[in-house]
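Read through the structure below, which is laid out as structure tokens, and then see the notes.
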Amino acid sequence: MIDKMTQLVEDSLEEAKELAIAHRNYQLDIPHLWAVLVKPDQFAFQFYQSLEINTNQLIEIINKEIDKIPVLSSTEKSSYARLYSQRLKNLLDDAHQEMIDLKDQVLTVEHLILALFNQQRNPITVFLLEQGLNKEKLYQKMHRIRKGKPAISSSQETIYDALEKYAVNLNQRALDEPVNKIIGRQDEMNDIIRILSRKNKNNAVLVGHSGVGKTAIIEGFVQRLVKNQVPKNLQGKVIYSLDIGALLAGTKYRGEFEERFKALLNDIIDSNGQIILFIDEIHSIVSAGRTEGSVDAASILKPLLARGKIRIIGSTTHAEYRESIEYDRALERRFQRILVHEPDLDYTMEILKGLKPIYENFHGVRLEEDGLEAAASLSKRYISDRFLPDKALDLIDEACAAKRLASHAYPVQMTNLSQQLISEKIRLLRLTDSDTDDKFKLNNHLEQLEEQKSQLLANWQRERELLDQVQELRSHLTALEEQANLALENNQVADYVRLEDEEIRKCHQKMTALEKERLDSQKIINVTVTREDIAAVVERLTGIKVQGVMENERDRLLHLEELLHQKIVGQDQAVQKVSQAIIRSRAGIQNPKRPIGSFLFLGPTGVGKTALAKRLAEVLFGSELEMVRLDMSEYMEKHAVSRLVGPPPGYVGYEEGGQLTEAVRQRLYSIVLLDEIEKAHPDVFNTLLQVLDEGRLTDSKGRTIDFKNTILIMTSNIGSTNILQSLQDSGCITSEVRYKVLDELNHSFRPEFLNRIDETVLFNALSEKDMTGVVKVMVSDLQARLLEQDIHLTLTESVYILLAKEGFDAAFGARPMQRTIMQKLENPLALYLIQNQKNKEKETFVTVSVKDKKLKFTFS
């Protein structure tokens with residue numbers, strides 16, 4: 001048997017055996033092997049196709065030959081494909097002889113294809129001869145793809161035409177496909193040209209954050225190459241982009257990746273400097289193939305780069321450059337780094353304006369100038385974990401897609417008319433024969449509605465047709481403008497003038513006429529993308545309210561203090577200051593570099609500090625659960641502080657991130673409540689300094705978390721003793737007591753922490769008069785819970801006064817009142833409900849009054 005064959009030949013023989021077993025054939029024969037070899041993704045299939053063989057007919061003949069092979073009646077699989085047929089043995093022997101004659105070290109699929117021609121009567125050979133194929137053509141083809149080199153590798157078939165298999169010709173793609181217009185970045189392109197023109201170290205690597213336009217710079221450079229807008233030494237050069245996925249695909253055995261990569265690099269070397277390789281995400285190839293006892297791609301590249309055999313352009317991010325390339329000093333020296341910075345807002349606007357026609361043509365919409373400005377400014381402000389211009393383009397794409405979807409849907413008026421028609425038809429069917437007048441009126445009304453609906457549908461369809469025609473003309477206009485620009489670049493002035501003065505002008509006139517016809521008719525479809533559409537996308541992606549204040553929200557903001565007072569009693573100053581911060585934020589005049597508001601609530605326990613934060617979350621977000629709450633008593637130890645931003649690398653929980661940073665990252669627009677802040681370890685305050693001042697915090701993974709759209713509320717019991725004493729003595733918080741509380745605060749917290757807080761609010765201790773309001777708030781919650789069980793609870797005013805008096809405790813605020821209500825109200829009601837389970841389906845009315853200084857319950 002053959003000493004050594006390629007992995008593809010071995011695998012093909014194994015697969016052919018499985019095919020023979022599946023067909024219950026006694027012997028493994030040539031048709032089984034050829035059925036495997038000519039699968040569409042196999043080397044032989046591509047080999048035959050390149051020789052213009054009709055592969056479909058070839059596969060049909062192979063399948064017919066398999067059907068002719070005798071089938072065993074035995075059901076024992078061990079009896080199938082036990083032997084090689086004589087003609088398959090002869091084929092392998094002839095292939096081995098071809099290998100020897102060609103001075104190859106391994107038997108390849110090519111040897112099998114050659115050996116098949118020694119069996120002139122084989123139907124497969126007969127067909128190939130009829131197609132004009134012979135050994136001479138096969139030898140010529142082998143010499144071309146091997147470039148005169150012998151077969152020495154066990155993965156020989158995978159390294160032929162490596163450049164075409166594992167890389168993409170960017171020059172050809174730029175000529176064949178329409179490419180996006182590249183706006184700006186001329187400095188970076190000139191840097192690439194300068195580096196490629198050097199004698200030594202003529203390899204460039206673009207380093208920048210994801211989304212800043214590294215790949216776009218290469219596309220722009222390729223466009224300049226294709227148009228010969230480069231120095232003479234670079235004219236005629238071809239850029240190939242490495243397809244890392246194709247290079248790694250199917251590399252099951254050690255060394256396969258290296259052989260493919262070396263073959264690709266050899267093709268580049270053979271081009272004598274005409275080919276430049278572009279490696280996107282170059283960090284992924286540097287360590288590719290790295291296993292124990294083998295070399296990686298960097299080890300293959302370094303000698304070639306050092307000798308100047310190849311030229312490479314790479315792109316990567318700052319972090320990956322540091323980890324993969326900068327880490328390997330020898331590799332780093334071979335590259336010249338080009339830093340690609342994030343564009344500023346003005347530069348981003350230039351890019352967006354340049355790409356505007358592309359998005360308009362694709363989606364069939366119109367992009368307003370304010371929409372572009374909103375995409376740049378809002379993405380910069382509210383999407384902090386990505387970079388311009390990519391994030392701005394994403395907003396535009398998303399808004400255009402949403403507008404396009406809405407423009408193809410039936411208008412709301414038509415939906416309303418359809419629903420109205422159904423309602424009227426139901427009414428008509430329910431009328432009796434005696435309701436003659438009503439039937440007559442309804443039938444007339446139905447006819448009117450049907451006519452309105454038909455007219456609306458016709459108008460909508462006509463407008464839709466006009467919009468489709470406008471979009472076709474716009475696409476045609478873009479193509480004409482590209483032709484005109486190309487003519488101007490090629491100095492074809494006559495063609496340029498003809499296109500500009502005739503075809504482009506006619507196209508503009510047709511578009512203007514169609515737009516006028518649409519505007520003159522009843523305009524139903526909206527295809528204009530404005531600032532509001534972009535803001536809606538930002539709000540949907542981040543949860544941050546950036547749209548203009550709507551009418552219902554305006555009412556809520558104007559009455560925010562009243563809404564908060566519904567649940568918060570006796571804390572006018574605190575409610576006022578928090579409300580003002582929210583209104584400043586929604587009006588858009590607060591400092592955009594700081595949180596919406598940062599507050600330190602001081603006061604005795606049970607006076608409403610935490611309750612105000614909960615109520616604020618309920619009013620703004622619809623639920624008090626929509627709040628990030630951290631109990632700072634859990635952060636008393638020094639080692640617990642790291643849980644806020646996440647443990648450092650190597651520690652348990654590193655992948656989960658920090659409790660504060662992760663919560664805010666998922667809810668960018670939220671209320672952050674740090675309860676009982678004085679109990680936290682002093683190092684916590686160092687962490688919070690950056691949040692209070694700059695509105696950001698870096699977690700353990702190096703990600704910057706944006707706190708600019710949060711309301712930070714910290715509560716503390718510091719000074720509560722002085723406040724209670726003041727109330728007992730004078731009934732209010734005096735200026736002397738306020739001074740004492742602030743003095744105690746200064747002793748507890750550092751000045752740099754206190755100076756960064758927007759407002760320090762002293763909560764009043766609740767008086768007996770305030771307690772009546774607290775009782776009403778708590779009872780209203782109880783009434784809402786009972787109403788779910790069809791129980792209506794009513795209390796007389798004297799009950800509220802009695803409960804307030806019995807539950808009042810100046811030292812502990814409203815918390816004792818919860819126990820009083822539980823004992824005086826909830827317990828008797830619970831007992832009644834248990835005793836009357838049978839009447840649960842009936843509505844129950846409960847009235848509570850006072851008799852002899854005790855509560856009296858009346859059930860009905």
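The backbone N, Cα and C atoms fix where each Cβ goes, glycine too.
Taken from Swiss-Prot, the feature ATP 1 binding site applies to GLY208, HIS209, SER210, GLY211, VAL212, GLY213, LYS214, THR215, supported by similarity to another entry. In sequence order, THR317, HIS318, GLU342, PHE387 are the residues of the chain that are 6 or more apart from HIS209 (ATP 1 binding site) and have a CB within less than 8 Å of its CB.
Counted within 10 Å of its Cβ, the other Cβ atoms near THR610 (ATP 2 binding site) come to 18, all protein chains included. According to Swiss-Prot, the feature ATP 2 binding site maps to GLY603, PRO604, THR605, GLY606, VAL607, GLY608, LYS609, THR610.
Swiss-Prot lists 393-522 with the feature coiled coil.
Taken from Swiss-Prot, the feature domain 'Clp R' covers 2-148, and the record attributes it to sequence analysis. When pLDDT is averaged over the domain 'Clp R' (2-148), the result is 79.
Marked as region 'Repeat 1' by Swiss-Prot on the basis of sequence analysis: 5-69. Taking DSSP states H, G and I as helix and E and B as strand, the region 'Repeat 1' (5-69) has 46 helix, 4 strand, 15 coil.
In terms of DSSP helix, strand and coil, the region 'Repeat 2' (84-148) has 44 helix, 2 strand, 19 coil. Marked as region 'Repeat 2' by Swiss-Prot: 84-148.
If you look up Swiss-Prot, you'll see 161-342 marked as region 'NBD1'.
For 343-543, the entry in Swiss-Prot reads region 'Linker', with the evidence type similarity to another entry.
The annotation region 'NBD2' is assigned in Swiss-Prot to 553-765 on the grounds of similarity to another entry.
Sequence annotations record features per position, and here Swiss-Prot assigns region 'C-terminal' to 766-860.
Neighbour count (other Cβ atoms within 10 Å of the Cβ, all protein chains): 16 for THR605 (ATP 2 binding site). Across the structure, GLY603 (ATP 2 binding site) and SER210 (ATP 1 binding site) are spaced 48 Å apart at their Cα atoms. The ATP 2 site is defined by GLY603, PRO604, THR605, GLY606, VAL607, GLY608, LYS609, THR610, and by the 8 Å test on Cβ atoms against their centroid, the other residues of the chain that qualify are PHE601, ALA611, THR715, ASN717, PHE763, GLY813, ALA814.
For the pair formed by LYS214 (ATP 1 binding site) and THR610 (ATP 2 binding site), distance between Cα atoms is given as 49 Å, rounded to the nearest Å. Here the region 'C-terminal' (766-860) has, by DSSP, the following mix of helix, strand and coil residues: 55 helix, 19 strand, 21 coil. When Cβ neighbours within 10 Å are tallied across all protein chains shown, the highest count among the binding-site residues LYS214, LYS609 belongs to LYS609. For the binding-site residues listed here (VAL212, VAL607), the lowest count of other CB atoms within 10 A around the CB belongs to VAL212. Each of SER315, THR317, VAL340, GLU342, PHE387, ASP390 belongs to the same chain as GLY208, HIS209, SER210, GLY211, VAL212, GLY213, LYS214, THR215, is absent from that list, and has a C-beta within 8 angstroms of the C-beta centroid marking the ATP 1 site. A helical conformation is recorded for LYS609 (ATP 2 binding site) in the three-state DSSP classification.
For GLY606 (ATP 2 binding site), the nearest neighbour among the binding-site residues GLY208, GLY211, GLY213, THR215, judged by Cα separation, is GLY211.
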